[in-house]
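Engineer: Submitted below is the structure of interest, expressed as C-alpha cells.
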2 protein chains.
Amino acid sequence: MATGRTHRPATRSRGIPEATVARLPLYLRALTALSERSVPTVSSEELAAAAGVNSAKLRKDFSYLGSYGTRGVGYDVEYLVYQISRELGLTQDWPVVIVGIGNLGAALANYGGFASRGFRVAALIDADPAMAGRPVAGIPVQHTDELEAIIRDNGVSIGVIATPAGAAQQVCDRLVAAGVTSILNFAPTVLSVPDGVDVRKVDLSIELQILAFHEQRKAGEEAAAGTAAVPAATREQSATDQGPDGDVPAVMPA
Amino acid sequence: MATGRTHRPATRSRGIPEATVARLPLYLRALTALSERSVPTVSSEELAAAAGVNSAKLRKDFSYLGSYGTRGVGYDVEYLVYQISRELGLTQDWPVVIVGIGNLGAALANYGGFASRGFRVAALIDADPAMAGRPVAGIPVQHTDELEAIIRDNGVSIGVIATPAGAAQQVCDRLVAAGVTSILNFAPTVLSVPDGVDVRKVDLSIELQILAFHEQRKAGEEAAAGTAAVPAATREQSATDQGPDGDVPAVMPA
DNA sequence: CAATCTTTGTGCACGCGTTCACAAAGACAT
DNA sequence: ATGTCTTTGTGAACGCGTGCACAAAGATTG
C-alpha cells in the first residue's frame with residue numbers, strides 16, 4: 001500500500017542535509033588531489049572551483065561539519081580530508097558484495113575506486129553455475145547458493161546488484177534477509193525494501209533519456225530562434241551540474 | 001536543478017520541472033510493462049505504486065504534460081506511453097558514441113537498454129591502437145583519431161565518456177568541439193563545458209560513499225539506542241530515495 | 001599595538017519541489 | 001435524468017536547498 005513511512009524531519013539536530021552529504025565525496029576527491037600535490041591549505045573559493053560548486057554553498061556545507069577553517073587563510077587540506085573521511089565513514093572497512101557478474105558486474109569488480117576508499121570487494125556472486133570458481137578481477141565467483149553464508153561470515157552490510165531486471169527484486173530480498181542494509185542497484189527496476197534499508201539506483205537508460213529530453217529542447221529552440229541561436233562559446237566552469245539534487249548516481253572506471 | 005545555464009528561466013513557458021523530467025523515464029518504464037501485459041488503463045495510484053512515487057506527485061507531473069487522464073477511470077496506457085515518449089524525444093533516433101572501451105565501456109556497449117528506446121550506438125572509440133578494429137558488442141572499435149569525423153558523419157549529439165579520469169576533460173573538449181551537446185560522464189572528474197552543453201555524471205564511488213555515510217549513521221543509532229532499536233520490518237514500497245528516517249545524531253564530536 | 005586585508009561563517013530571502021486536501025469531472029447505476 | 005461513486009487536476013501550505021551579502025575573526029604588516 002502506501003508508503004507508510006513515518007514522516008520525519010529528515011534533517012535532525014545533528015543531521016547533515018542530504019544535499020550536503022551528496023557533495024562531500026566531491027570535496028573529498030578534490031581535497032585528495034590537493035593533498036597529493038602537498039598543498040597545505042585551500043580557500044573556499046579555490047576548492048569550490050575544483051569541485052564545480054558555488055563557494056558559499058561549500059562553506060555552508062562545511063559549517064555543518066563544524067568550524068574547520070581559519071578566517072583569512074582557508075582550510076587545512078589534510079585536516080579536512082580526515083574530517084570528511086570520518087564523517088562519511090570511510091575510516092572503517094566496508095566489505096561489499098557484487099551480485100550478477102555479467103559485463104557490468106565484471107566492470108564494477110575491476111573498478112579501482114573500490115579499494116581506494118575503505119570499500120573492499122568481499123565476494124562476487126552469480127546465479128550461473130558455469131561462472132562459479134572462475135576468477136574475475138582476481139576474485140573467484142561464487143554461486144548464489146552461498147549468498148547468505150557470505151553475507152554473514154563477512155559481516156557485509158552493503159550490496160551491489162548488477163543482475164538483469166527480472167532477478168533484482170529476488171536478489172534484493174535475499175540480501176536484506178541476510179542482513180544487508182544498503183543497496184546500490186544497477187538493475188532497471190524499482191526495488192521494494194523494508195524500512196531502514198537504503199537503496200540508491202544507477203540507471204543508464206534514465207540518464208540518457210533525460211539528456212535526450214534536453215537535447216530535443218535545444219534543437220527545438222534553435223529551430224524556433226532561427227539561425228541566430230546558440231552562439232555561446234565562452235568556455236566556463238559552469239560545469240552544468242545536475243547532480244546536486246541528489247539525483248543520479250554512477251559508476252566509473254579507474 | 002538543472003543546467004547551470006544562467007540566462008533563460010530554466011522553467012520556460014512550456015518548461016517541465018527538472019524533477020519531473022527525471023521521473024518521466026520511470027513512469028515510461030512502468031507503463032511499458034503494463035502495455036506488454038495489455039492493460040488498457042491505469043489509475044494514478046496504481047502507476048505511482050509501480051514507479052515507487054507518491055500518487056499526487058505523479059498526477060502533478062502528468063499535469064505538466066497536459067490533461068491526459070479521465071476522471072473516474074484513470075490514464076490510457078498506450079496514449080500515455082506515446083505522449084511521454086514524444087516528450088522525452090524518444091520517437092526519434094539518437095546516435096550515441098561511447099569513448100573509452102575498457103571494462104565499463106564494453107559493458108555499456110553491450111547494454112541492451114540502448115537500442116530499446118531510440119538510442120543507437122553509432123560508434124565505439126578508444127585511444128589504444130591495439131583496440132582498433134576489434135569488435136565489441138558486434139561493433140568494431142575505432143581509434144580516437146577518427147572522433148571528429150565520426151561525430152560529424154553520423155550527426156552525433158550525445159556522447160558517453162567511459163575513459164580514465166585523466167583523459168576525460170580532453171575527450172570532452174574534443175566531443176564538444178566536434179558538435180556534441182550532451183554528455184554522460186562516467187569518469188570521476190568534474191567536466192568543464194561551454195554554455196549550452198549538458199553534462200550528467202554517473203559516479204559509483206560517490207554512490208558508495210553516500211551509502212557508507214547512512215550505514216555508519218544507522219550503526220551509530222543502533223548502538224546508542226541499545227538493543228531496542230531498528231525493529232521495523234514492515235515490508236513497504238519505500239524505494240529509491242534514501243533519506244528516510246534520520247533519527248539520532250550518531251555523529252561523534254570533533 | 002593598531003590598522004588593514006583576507007576569508008570564513010551565517011542570517012536572510014527566494015524559488016523549487018513535495019504533499020495535502022478537495023472541488024470538479026466524468027463514469028456508471030437506477 | 002438524477003444521484004452516487006471514483007479518480008483526476010490543482011490551489012495552497014510547507015520545507016529544503018541555494019546564493020547573496022556582510023559582519024566577525026584572525027592573519028599580517030608597519
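Glycine is no exception: its Cβ is also placed from the backbone N, Cα and C atoms.
A TrEMBL annotation is a machine prediction, not a hand-curated record.
Since the structure is predicted, the reported quantities are computational estimates derived from the model, not experimental observations.
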Engineer: Among A:26-65, A:66-105, find the range that TrEMBL records as DNA-binding region.
Structural biologist: A:26-65
Engineer: Kindly point out the range from A:189-221, A:222-254 that TrEMBL annotates with region 'Disordered'.
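Structural biologist: When A:189-221, A:222-254 are checked in TrEMBL, region 'Disordered' belongs to A:222-254.
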Engineer: Which binding-site residues among A:GLY100, A:ILE101, A:ASN103, A:LEU104 have a Cβ sitting under 8 Å from any chain B Cβ?
Structural biologist: A:ASN103, A:LEU104
Engineer: Only counting partners 6 or more residues apart, tell me which same-chain residues put their Cβ under 8 Å from the Cβ of A:GLY105 (NAD(+) binding site).
Structural biologist: A:ILE98, A:VAL99, A:LEU124, A:ASP126, A:VAL136, A:ALA162, A:THR163
Engineer: Tell me, what is the mean pLDDT of the domain 'CoA-binding' (A:89-190)?
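Structural biologist: Mean pLDDT, the domain 'CoA-binding' (A:89-190): 96.
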Engineer: For the DNA-binding region (A:26-65), DSSP counts of helix, strand and coil?
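Structural biologist: Looking at the DNA-binding region (A:26-65) with DSSP, the answer is 30 helix, 2 strand, 8 coil.
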Engineer: Starting from the Cβ of A:GLY102 (NAD(+) binding site), draw a 10 Å sphere and report how many other Cβ atoms land inside it.
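Structural biologist: The answer is 16.
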Engineer: Can you name the residues of this chain that are 6 or more positions from A:LEU104 (NAD(+) binding site) yet have a C-beta less than 8 Å from its C-beta?
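Structural biologist: Set apart from A:LEU104 (NAD(+) binding site) by at least 6 residues yet with Cβ under 8 Å, we have A:ALA162, A:PHE186.
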